[in-house]
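Structure, as C-alpha cells:
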Amino acid sequence: LKCNKLVPLFYKTCPAGKNLCYKMFMVSNKTVPVKRGCIDVCPKNSLVLKYVCCNTDRCN
C-alpha cells in the first residue's frame, strides 16, 4: 500500500466521507491482501485480520 500526498493521474482518490485508504490482510498470510479500498475510520486489528491504513485519501 502506497500513500501519496500528491495526485499523479494513475493514483485513485477516495470518495467523500471515506477518506482513508486501507488494505486488509489475514494474519496467517500477510503477503496476500484480502481487500483494499476506502474507509471512513481505520479498523482495529483482530486475531484474524490485520489492517494497514493511510492517513490520506490517495493511494494505489
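Positions of Cβ are set from backbone N, Cα and C atoms, glycine also.
Given the structure is predicted, the values throughout are model-derived calculations rather than measurements.
The Cβ of CYS3 (disulfide bond) lies under 8 Å from the Cβ of CYS21, CYS54, ASN55, THR56, ARG58, CYS59, each on the same chain and at least six residues away in sequence. Feature annotation from Swiss-Prot assigns disulfide bond to CYS3-CYS21 (among others); the stated evidence is similarity to another entry.
Around the Cβ of CYS38 (disulfide bond), the same chain contributes CYS14, PRO15, LYS18, ASN19, LEU20, CYS21, TYR22, ASP57, each under 8 angstroms and 6 or more positions distant in sequence. According to Swiss-Prot, the disulfide bond annotation covers CYS14-CYS38 (among others).
The annotation disulfide bond is assigned in Swiss-Prot to CYS42-CYS53 (among others). Neighbour count (other Cβ atoms within 10 Å of the Cβ, all protein chains): 14 for CYS42 (disulfide bond).
Cβ-based neighbour count (10 Å, all protein chains) for CYS59 (disulfide bond) stands at 21. Marked as disulfide bond by Swiss-Prot on the basis of similarity to another entry: CYS54-CYS59 (among others).
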Assigned conformation of CYS21 (disulfide bond) - DSSP reduced to three states: strand
Neighbouring C-beta atoms (10 Å sphere around the C-beta of CYS14 (disulfide bond)): 19
Most crowded position, judged by CB atoms within 10 A, among CYS21, CYS53, CYS54 as disulfide-bonded residues: CYS21
For CYS3 (disulfide bond), the three-state class that DSSP assigns: strand
